[in-house]
Amino acid sequence: AGPVESKNEAAMSELVPEPRQKPVVPMKPMGINASLLGYIGIDTIIEQMRKKTMKTGFDFNIMVVGQSGLGKSTLVNTLFKSQVSRKSSGWNREEKIPKTVEIKAIGHVIEEGGVKMKLTVIDTPGFGDQINNENCWEPIEKYINEQYEKFLKEEVNIARKKRIPDTRVHCCLYFISPTGHSLRPLDLEFMKHLSKVVNIIPVIAKADTMTLEEKIEFKQRVRKELEVNGIEFYPQKEFDEDLEDKTENDKIRQESMPFAVVGSDKEYQVNGKRVLGRKTPWGIIEVENLTHCEFALLRDFVIRTHLQDLKEVTHNIHYETYRAKRLNDNGGLPPMTVETEENHESNL
């Protein structure tokens, strides 16, 4: 029996495989979250970027739209504290600003603290002033799309410029008349059409004509009307990148929009200080005083906190939408004109 058992055991050992050893899990590389032994200089990347952008400068294009007499040109001058809404030659601060009669883009280079910005103000004629205002937003929409087209043509050139001139409209301030009642059907139609192609920021003009209670009630009514009509103004909810952005932008959307503002080119003496304001029989309305109006909030929003984001949303959302549609409609490239054909041949 002994030799038979030993044979069976040998046969069983051949059938049952030996248990394999577990693979050794490699250790995490020591470099991850390792503390640096000395200073390398990674943090200078920010300074390198700052120097580079300081050399090239910045572009910002702002459009103002609204009825005649709402102070569009005056507000833009107040926003940038300089005469940017008209050519400065032969026109001084004391003269009345001439009425706008056509869509006009006026460029200026303004400098503050060594930072240069090429600012373009696109002034539109009194919007909705005609007897028949049917499709009166079309010239404005056409102008915005023409700027996208210019940029697209430069992009698809074989030998394109290192830095394409940016004439695209980054921000459109839409001026609402301070009626205290509700938005006009024309206001709703305009914003419905244009919110798809440009960043719209609604503002209530000449807010000093309303009492505090009327202003709060009117702002709430405007917000509700925009929501009911599905009109999205900047900052749009779907473009919030993270929780911090969402929290900040929700506060702006629910409390500040639309900004109730007052604009003025003129300075007055108040308590020994020179302030921009409007003189009335009962006192001076200080433009930059938050207890008088929300102009300071609008300026901070457009220039100090969201200027770069306005440019990015214009490029990544509105321009990309136009570009995709344009290239799709034309089989990949915009149609060639005689001029682009000549450029194409000379590039070859």
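Numbering starts at 1 and runs along the chain as it is shown here.
Each residue, glycine too, has its Cβ placed from N, Cα and C.
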Discussion item. Please identify the range among 73-95, 326-348 that TrEMBL labels region 'Disordered'.
Written reply: 326-348
Worksheet item: Average pLDDT across the domain 'Septin-type G' (56-329)?
Response: 84
